[in-house]
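First the structure, in the form of structure tokens, and then the observations on it.
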């Protein structure tokens, strides 16, 4: 399996990368400072079209993931989902999953993201597209505020995405065998994923699977409107 430098959970890095791929500049990623404190949650611009969660992989998480395999791939035929096929590229695949289920007018014409959407489900085509912008990827991976690890390092932190589509909430995880529907939307007509109770409950479930030290390793960014 090819390998890349892991991305940092940094909203500026993800925003720049998303715009490089062809996402409209009317969107940007923002930090989510808390999902349990309303005053802090209110600081994140809304509506949030999708959420990217970074969390530590633990034995309890792996047990849960295996238990849920039987439910994967159900009720999501029109949802774009990318299977991770490159080591340490969970950030890239979470980004792809985060922005690939927006309306067509969210993308610039003939952009990389439209090519990825067309290649979803074809691992070899996706890998070829990644190779086409390898040098640009490395620039994003090393542009964070912390020192970037090596591409071949073993990293136990993992990115996944949450989206809303057709009134349903999906968890899109490149390490799973398929997408996972986690519930029905509270408000099917409003696009705000961060306002969905099932998403907040799911994130808290992952937090509860970790010890106190690992709880400090969680990070959330949300895709919302750009005010630049």
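Don't overthink the numbers, they just go from 1 along the chain as shown.
Here the Cβ of each residue, glycine as well, is placed from N, Cα and C on the backbone.
TrEMBL labels come from automatic prediction, so no person has curated them.
Feature annotation from TrEMBL assigns domain 'UCH catalytic' to 3-225.
Among the features that TrEMBL reports, site 'Transition state stabilizer' is placed at 84. When Cβ atoms from all protein chains are considered, those within 10 Å of residue 84 (site 'Transition state stabilizer') total 23, not counting its own. Reduced to three states, the DSSP call for residue 84 (site 'Transition state stabilizer') is coil.
Feature annotation from TrEMBL assigns active site, nucleophile to 90. In the three-state DSSP scheme, residue 90 (active site, nucleophile) falls into the helix class.
DSSP gives residue 173 (site 'Important for enzyme activity') a coil state; it is part of no helix or strand. Marked as site 'Important for enzyme activity' by TrEMBL: 173.
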(message) Measuring Cα to Cα, how many Å separate residue 173 (site 'Important for enzyme activity') from residue 90 (active site, nucleophile)?
(response) 8
(request) Pop the Cα-Cα gap between residue 90 (active site, nucleophile) and residue 84 (site 'Transition state stabilizer') into the table, whole Å please. (result) 7
